[in-house]
Each structure stands twice: as structure tokens, then as C-alpha cells.
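Trainee: What Swiss-Prot shows for this protein is this:
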REGION    1-21  region 'Disordered'
COMPBIAS  1-13  compositional bias 'Polar residues'
BINDING   221, 250, 279, 315, 335, 336, 337, 376, 377, 378, 379, 415, 442  substrate binding site
BINDING   419, 483  Zn(2+) binding site
BINDING   563, 566, 571  [4Fe-4S] cluster binding site
């Protein structure tokens with residue numbers, strides 16, 4: 001059911017209601033009975049003969065019929081109490097919103113401000129604030145308990161096949177356990193191998209974890225530009241993206257009303273929100289990178305941290321000494337953030353202020369538990385530039401910065417390319433693990449060829465599946481509009497579904513113990529011709545049903561034992577089922593003919609094995625003719641015929 005609810009006609013309309021034959025359920029962790037961890041239960045048809053299937057759910061309360069959605073008020077801020085109960089924080093007035101925060105937009109173009117105002121929190125003193133600091137001190141937070149329950153997909157105990165699934169996969173050194181415990185989560189965060197991006201000011205958040213020993217996650221990018229989109233569209237795209245499976249969303253807005261757009265998104269987002277602060281900082285100085293200053297950038301970090309942004313992409317690895325390494329590239333510097341900082345460095349002939357002030361950035365981000373997403377500003381923008389010295393020089397610097405951020409108590413993940421051909425992908429993963437101490441890797445694709453504008457969701461989905469299998473923790477989606485324009489909601493859905501496929505394929509390859517449950521359930525539904533179950537178990541039930549109904553639209557076709565590709569006579573699965581039914585109704589002599597093993601004579605009837613087989617085949621040939629030479633027969637008629645033969 002897709003209901004476009006709009007409590008205020010001047011505010012965003014968002015999609016609510018569950019996916020077909022699904023319902024929102026909540027798991028309750030044994031160690032924290034006050035927590036309710038969301039899952040989506042896919043309800044199978046009565047004839048399925050198997051239980052309903054719980055799956056990971058990112059859609060938040062938008063698919064819970066028991067929750068009234070009002071985007072003007074935002075979502076419940078239940079997590080704020082968790083933060084306050086831990087202590088070590090203070091509530092304060094926060095900075096004033098300035099005209100430049102929204103690009104000095106005039107009254108005629110100003111978006112309506114979000115209704116509610118929440119005073120921000122910040123850490124004080126030496127008490128642990130970040131999930132990394134709690135983990136290092138051996139403290140299991142509610143967020144850690146929450147994500148452990150979430151990662152197990154509703155399983156209360158180890159699957160019977162868990163060890164076999166792990167053994168069957170190739171994890172390339174990952175250590176995926178058969179069952180996720182809160183202690184395992186804490187240990188992975190303490191080692192720096194996983195993060196829970198969770199700003200203390202994002203009270204609406206449903207915590208999730210990013211790390212190669214957990215389910216592979218995906219990110220969806222949204223955001224306005226100077227020429228298109230609005231607050232309404234971006235809030236709608238955020239809700240639409242998480243409906244289809246986006247684990248995090250990045251707001252990459254570069255036009256008017258940046259602060260206001262972000263506030264509406266955050267107050268209505270149950271998933272982590274990331275940004276690239278340099279984009280907004282650039283808008284504050286009229287789009288001229290030369291005018292950027294550390295003070296302006298720092299103020300932007302504080303502004304966004306107070307709002308609740310969960311992770312910042314910071315291109316601190318773009319150093320003055322690396323810029324010349326891009327001179328011989330085919331496509332130069334393709335990262336917006338990277339090119340901004342490169343121009344600043346060259347204009348001032350100084351080291352990047354992001355690099356020289358990195359310690360101070362860490363101190364600021366720690367106060368709010370904003371996670372680092374250390375940006376790859378020198379990523380390759382073409383196959384020809386993949387794995388060059390510029391790319392890897394920056395990666396080595398990101399490894400150095402990771403250690404500094406950890407020492408300051410911050411959570412860190414590393415961004416990666418880009419455009420990389422298949423044979424060069426694993427080198428990227430191996431080098432990132434080595435240089436960055438196994439901090440989670442977060443890549444854009446990578447795109448595996450440059451020849452398919454309009455289809456780069458496919459060129460990148462191929463690379464994403466591979467690098468996810470090799471150990472990449474989160475995959476940033478690419479839409480069909482990549483390199484061509486700003487994606488609309490249809491492009492967002494296509495990008496999300498494409499990357500859910502890639503992430504799931506990676507989990508299957510790694511041998512994640514619960515990954516294959518959904519595949520097997522759908523395969524059984526396919527073999528049993530349970531069409532509705534096939535649709536509903538898929539990542540996109542609406543499209544699957546629409547494709548089926550283009551040629552077989554009647555309700556009777558939803559129970560037919562064929563589809564339009566092969567028709568009723570040539571469906572391999574229907575033929576296989578008929579063979580099974582036929583075998584079940586064979587008489588003893590017929591079974592002997594078809595199942596004899598070994599050579600020699602069949603003493604009880606005085607015939608050789610070949611004679612028995614020939615006789616059996618002759619009987620079946622005659623029987624086929626007697627029953628009208630029909631390929632498909634009623635099972636009861638076959639059984640009656642068999643009784644006459646036996």
C-alpha cells in the first residue's frame with residue numbers, strides 16, 4: 001500500500017504504508033527489554049508450508065500502521081534519553097541560524113523553517129562520549145545492543161546451517177560470527193573495525209552498524225542544487241530511499257536553503273545522515289574556493305553537528321604535495337570536495353587547512369560523536385586513472401589521519417573509488433585494510449567501465465558486489481543519472497535496488513549465516529509456483545508483479561503453473577514437478593526398470609537388466625499413447641493407470 005500522506009499541504013508529502021504482504025515487527029533484546037528493534041516480516045501464503053520470513057528493515061516508522069506520521073513535527077526522539085542517561089553531556093543554546101547558512105536566500109525563495117526547535121547537546125569533560133570511547137572502556141551501550149539484535153534478523157539463536165554457510169563462503173579474512181552479540185559489536189568498534197554513526201543530537205535515529213564483519217550496507221545520495229529540486233522533494237526522496245533499503249542517506253545539497261533542507265531531513269530521518277561540509281562552506285563565500293577559511297569551515301562543522309549530522313565527509317587527505325600527481329590524468333580531480341581543496345591549496349600555496357587543523361576537527365567532532373568519513377578527494381574518475389600514485393598517496397595519508405582520529409576518541413570510516421576495472425578492485429581493498437588499520441571502507445561503486453552513460457548503476461553495481469565481497473563495509477549507490485543529472489525519486493529507487501542486490505550478493509559470497517535464507521525461500525516459492533510469494537520475497541515486489549502482469553494480468557494467472565516466457569508446455573519447473581508426480585505413482589516393476597543399478601541378470605523374472613529397462617520403456621511408450629499423447633497429465637489419472645499395470 002502506497003499512501004501519499006500530506007498533513008500540511010505546504011509541506012512534504014511522503015510515502016507511508018507497508019510493502020506488499022509485509023508487516024512491521026519488533027524484536028526485544030534480552031539484555032534491554034525496553035528496546036524495540038524493527039524488522040519487516042514477509043508473510044507467506046497459506047500453502048507455503050513454512051514460516052514467515054523476517055528481513056532487515058530501514059524504513060523507520062513510515063511503514064508502521066500504528067504510528068501517525070506528521071513531517072511537520074518529525075519523528076520521535078527516543079534516543080535522546082539514552083544519551084542523557086549516560087551523562088557526560090550538557091544542553092546549551094547553540095549557535096544562531098545566519099543568513100549565509102541558507103545561501104543568503106531572499107524572502108521570495110526562502111523555505112519554511114522546521115516547526116520545532118531542539119536545544120543541542122554536546123559532550124563535556126573527559127567522560128566517554130563517542131561509541132568508540134565507550135567500546136574502548138568495555139562499556140556496552142544501548143546502541144550496541146540495538147544493532148546486535150538488528151544484525152541477527154530476528155534470530156534468537158544460531159542457525160543450524162550457520163557454520164556451514166560460513167564455511168561455504170570466501171570472506172577474505174573477515175571474521176563474521178555465526179551469531180552477533182552485543183559484546184562482539186563492542187569489540188569490533190573498539191578495534192576500529194566498525195562504527196555506529198550516531199550523533200548525540202540525532203534523537204530520531206534507529207542505530208545501525210557499518211563494518212566488514214556485519215551485513216554490507218548501502219548509502220543513497222540526495223540533495224538539491226542551484227538549478228533544481230526543493231525541500232519537499234528531498235524529504236520525499238529520503239523517505240523513498242529508506243523504504244527500498246538505504247541504510248544511510250547523504251544530503252549533498254549545494255543550492256539555496258541548505259540549512260533548512262537538512263533540518264527537515266534530519267528531523268524526519270530514522271537512518272544516519274551524512275554530509276560534505278565543504279559544500280555548504282563554499283556557498284557561504286559565494287562559491288569561490290579561494291575565499292574559504294578555517295574559521296568559516298569550523299563554524300559550518302558546528303552548525304551541522306548541532307543539527308545532528310551523523311557523519312562528515314572531510315577531504316583532509318588532499319595535500320598540496322599530491323596535487324601535481326594528477327596532472328597526467330585523463331580526468332584529473334573529479335571529486336567536488338577534492339577539487340575545491342586543490343584550488344584553495346594552489347591559490348594560497350599552502351597546505352590544506354583540513355590537514356593542518358585535523359586535531360581540532362577531531363576535538364570538535366568528538367563532542368557530538370560525529371563519525372569521520374575520510375574523503376577520497378583524489379579518487380580516479382576514469383578507468384585510465386585507477387590505482388595511480390595520486391589515489392594511493394591520499395589513501396596512505398588517510399591511514400595516518402585514522403590513527404589520529406582514533407587517538408582522539410572518534411569513529412572513522414574511509415571513502416574509496418571511483419572508477420576501477422575488475423582486475424584492479426581487490427588491490428584497493430587490500431591496500432585500504434593495510435593502510436587504515438581495517439577501518440570500514442565505503443566506496444562509490446566502483447564503476448567497472450566508462451562506456452555506459454545512463455547505465456552506470458549497472459557498471460558500478462558490478463564493482464560494488466565485488467568490493468563488498470572482498471570486505472567493503474558500505475557501498476554508495478550510483479543511479480542511472482550518474483554523470484548526467486540530478487536523480488529523481490525513480491532514479492533513487494533504481495539505484496537503491498541495484499545496490500541492495502550488490503550488497504546481498506557480497507553477503508552471500510562472504511558466507512553471512514543468514515544471507516541465504518531469503519534466496520532459499522524465494523527459490524522454493526518459484527518451484528512451487530507461488531507467484532505472490534515470489535513477488536513479495538523479492539527486493540522490489542511492485543516491479544516484479546508489474547512485469548508478470550504485463551502478459552498474464554488475470555488473478556487466475558497468479559496460481560498458474562507457468563509464466564509467459566515458456567508457456568504451459570515448456571516450463572522446466574512444471575515438467576520437473578510432473579516427473580516427480582509420475583515417479584511417485586510408478587508400480588514396482590516400473591520402478592525396478594528405472595532404478596536398477598549395476599549389471600547382470602534380474603533373477604526373479606529371468607531377464608537381464610537391459611531387458612528390464614527396454615521392457616519398462618516399451619510399457620511407458622504404450623501408456624503415453626493410450627493416455628492421449630499429452631505432455632501433462634492429471635496425477636490421479638496416472639495413479640489409476642499405474643494400478644492397472646501393477
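Each Cβ is built from the backbone N, Cα and C atoms, and glycine gets one as well.
Mind mapping these onto the model and telling me what they sit next to?
Mentor: There are 26 other Cβ atoms within 10 Å of the Cβ belonging to residue 379 (substrate binding site).
Cβ neighbour count for residue 419 (Zn(2+) binding site) (all protein chains, 10 Å cutoff from its Cβ): 27.
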Trainee: Could you tally the C-beta atoms, other than its own, that fall within 10 angstroms of the C-beta of residue 442 (substrate binding site)?
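Mentor: The answer is 27.
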Trainee: Which number gives the other C-beta atoms within 10 angstroms of the C-beta of residue 377 (substrate binding site), all protein chains shown included?
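Mentor: Here the count is 32.
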Trainee: Secondary structure at residue 419 (Zn(2+) binding site) (DSSP, helix/strand/coil)?
Mentor: strand
Trainee: Per DSSP, residue 221 (substrate binding site) is which: helix, strand or coil?
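Mentor: Where residue 221 (substrate binding site) sits, the three-state DSSP reduction gives strand.
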Trainee: DSSP secondary structure for residue 442 (substrate binding site), reduced to helix/strand/coil, please.
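Mentor: DSSP call for residue 442 (substrate binding site): strand.
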Trainee: Looking at the binding-site residues 279, 379, 442, which has the shortest Cα distance to residue 483 (Zn(2+) binding site)?
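Mentor: Smallest Cα separation from residue 483 (Zn(2+) binding site) among 279, 379, 442: 379.
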Trainee: Determine, using Cα-Cα distances only, which of these binding-site residues is closest to residue 419 (Zn(2+) binding site): 279, 335, 337.
Mentor: 335
